[in-house]
Amino acid sequence: MKKTFCFILILVCIVLKSVNAEEEDNFEESSLEMETARCASKNERCGNALYGTKGPGCCNGKCICRTVPRKGVNSCRCM
């Protein structure tokens, strides 16, 4: 009985430690993004998840996207 209790206690400690380590990694990544995050000015390229484009959001205005006819790709700019 005592061995089973110790075994369960050790497993719980390992699980809690791994969950805590993942949270710390996520915190470091999000703080890095905050430092490097910037917004796009008027007429600069921007990102729009609906169109599958990556990039910063717009400082002012909206991210307007259009499909380039011959290439079939989306191009987004701040307006």
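Positions of Cβ are set from backbone N, Cα and C atoms, glycine also.
Feature annotation from Swiss-Prot assigns signal peptide to 1-21; the stated evidence is sequence analysis.
Close to Cys59 (disulfide bond) in the fold, though at least 6 residues off in sequence, lie Cys39, Ala40, Ser41, Cys78, each with a CB less than 8 Å from its CB. If you look up Swiss-Prot, you'll see Cys39-Cys59 (among others) marked as disulfide bond.
The disulfide bond feature in Swiss-Prot is assigned to Cys46-Cys63 (among others); the stated evidence is experimental evidence. Using a 10 Å radius centred on the Cβ of Cys63 (disulfide bond) and all shown protein chains, the other Cβ atoms total 22.
Under the DSSP three-state reduction, Cys58 (disulfide bond) is assigned to strand. As annotated by Swiss-Prot, disulfide bond applies to Cys58-Cys78 (among others).
Counting Cβ atoms from all protein chains shown, Cys65 (disulfide bond) has 16 others lying within 10 Å of its own Cβ. The disulfide bond annotation in Swiss-Prot covers Cys65-Cys76 (among others) and rests on experimental evidence.
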Per DSSP, to which secondary structure element type does Cys76 (disulfide bond) belong, with helix, strand and coil as the options?
strand
By the DSSP assignment reduced to helix, strand and coil, which category contains Cys65 (disulfide bond)?
strand
By the count of other Cβ atoms within 10 Å, pick out the sparsest of the disulfide-bonded residues Cys39, Cys58.
Cys39
